[in-house]
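These features come from TrEMBL:
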type     : residues : note
DOMAIN   : 3-93     : domain 'EamA'
DOMAIN   : 115-244  : domain 'EamA'
TRANSMEM : 23-43    : transmembrane segment
TRANSMEM : 49-70    : transmembrane segment
TRANSMEM : 77-97    : transmembrane segment
TRANSMEM : 117-135  : transmembrane segment
TRANSMEM : 147-165  : transmembrane segment
TRANSMEM : 177-195  : transmembrane segment
TRANSMEM : 207-225  : transmembrane segment
TRANSMEM : 231-249  : transmembrane segment
Amino acid sequence: MAFVLPGLIYYKTGFLGPKGKRIFLFFRGFLGSTAMVLLYYAYQVMPLADATVITFTSPVFTSLLAWIFLKEKYSLWDLLFTLFAVTGVILIARPPFLFGSHVTGIEGSYSDHLKGTIAAIASTLSAASTIVILRKVGKSVHYFLSIWYYAVIGLIGCVIALFILNEWRLPHCGRDRVFLILIGLLGLGGQIFLTKALQIEKAGPVAIMRTMDVVFAFILQVLFLNHLPSWWTVGGALCVVASSSGTAIRKWRHSVKKAKQREI
């Protein structure tokens with residue numbers, strides 16, 4: 001909120017937005033902040049790489065939700081990419097009814113791993129819903145105002161949740177407090193750079209480059225958390241990256257084709 005507020009004042013966007021768009025902005029803020037909370041929970045109870053890979057099924061679910069709610073085209077290719085994404089999630093979750101009662105390669109208890117998987121999937125669906133809402137709103141609302149709703153509703157929701165859970169306290173360790181500040185700053189930086197990237201480049205190349213998050217998650221997990229991913233996770237990651245990259249490339253080629261037709 002502190003970083004976005006100057007932008008709102010500079011661009012004179014107001015704090016509420018157009019009357020007809022406020023309900024969409026509210027759900028954008030609610031679903032966006034919910035997605036982030038669920039993702040952080042998934043990071044706590046399951047390996048970093050596993051949670052990151054699952055979140056990259058978002059483009060596939062975005063296409064599915066856009067077909068349902070925005071009546072956008074959904075082809076057999078999109079269905080194939082969806083099946084690839086689901087296969088990737090199954091390889092990471094490794095449910096006992098498919099892989100047997102003794103699931104190998106799980107960090108910690110399988111119960112926590114399953115909870116983390118469910119949280120990551122719910123986070124992905126919330127994030128995909130957010131993107132669909134942003135498409136519905138279009139360019140009629142400044143992107144700073146969209147981030148403002150995300151920040152305000154996220155703050156209110158987290159404060160209420162912390163009081164209910166009786167967790168309203170700072171960590172005892174000073175280093176953890178620094179990490180919390182870094183999470184906020186780096187998260188905001190990610191939002192700003194992603195928004196800027198989408199302003200100067202088409203969504204397809206940006207989405208493809210974002211799949212590098214999976215590579216970085218594997219590298220950082222090994223370097224800093226000393227946890228080697230299992231071959232099941234690697235296989236799941238390949239399925240998810242293939243599906244998300246395929247979805248992004250198809251959308252990119254479709255938009256380029258439409259642009260050329262307009263020029264003709």
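Glycine too: its Cβ is placed from the backbone N, Cα and C atoms.
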Which range wins on Cβ pairs under 8 Å with the transmembrane segment (49-70): 23-43, 117-135, 147-165, 177-195?
117-135
Most CB pairs under 8 Å with the transmembrane segment (23-43): which of 77-97, 147-165, 177-195, 207-225, 231-249?
147-165
DSSP-assigned states of the domain 'EamA' (3-93) in counts, ordered helix, strand, coil:
73 helix, 0 strand, 18 coil
Same-chain residue ranges lying at least 6 outside the transmembrane segment (117-135) that approach it to Cβ under 8 Å:
24, 27-28, 31-32, 34-36, 38-39, 41-42, 45-46, 50-51, 54-55, 57-59, 61-62, 64-66, 69-70, 89, 92-93, 146
Can you give the mean pLDDT for the domain 'EamA' (3-93), rounded to a whole number?
83
Under the DSSP assignment, what numbers of helix, strand and coil residues are found in the domain 'EamA' (115-244)?
112 helix, 0 strand, 18 coil
Could you give the residue numbers and ranges of same-chain residues that sit at least 6 residues beyond the transmembrane segment (147-165) on either side and whose C-beta is under 8 angstroms from one of its C-beta atoms?
1, 4-5, 8, 15, 17, 25-26, 28-30, 32-34, 36-37, 191, 195
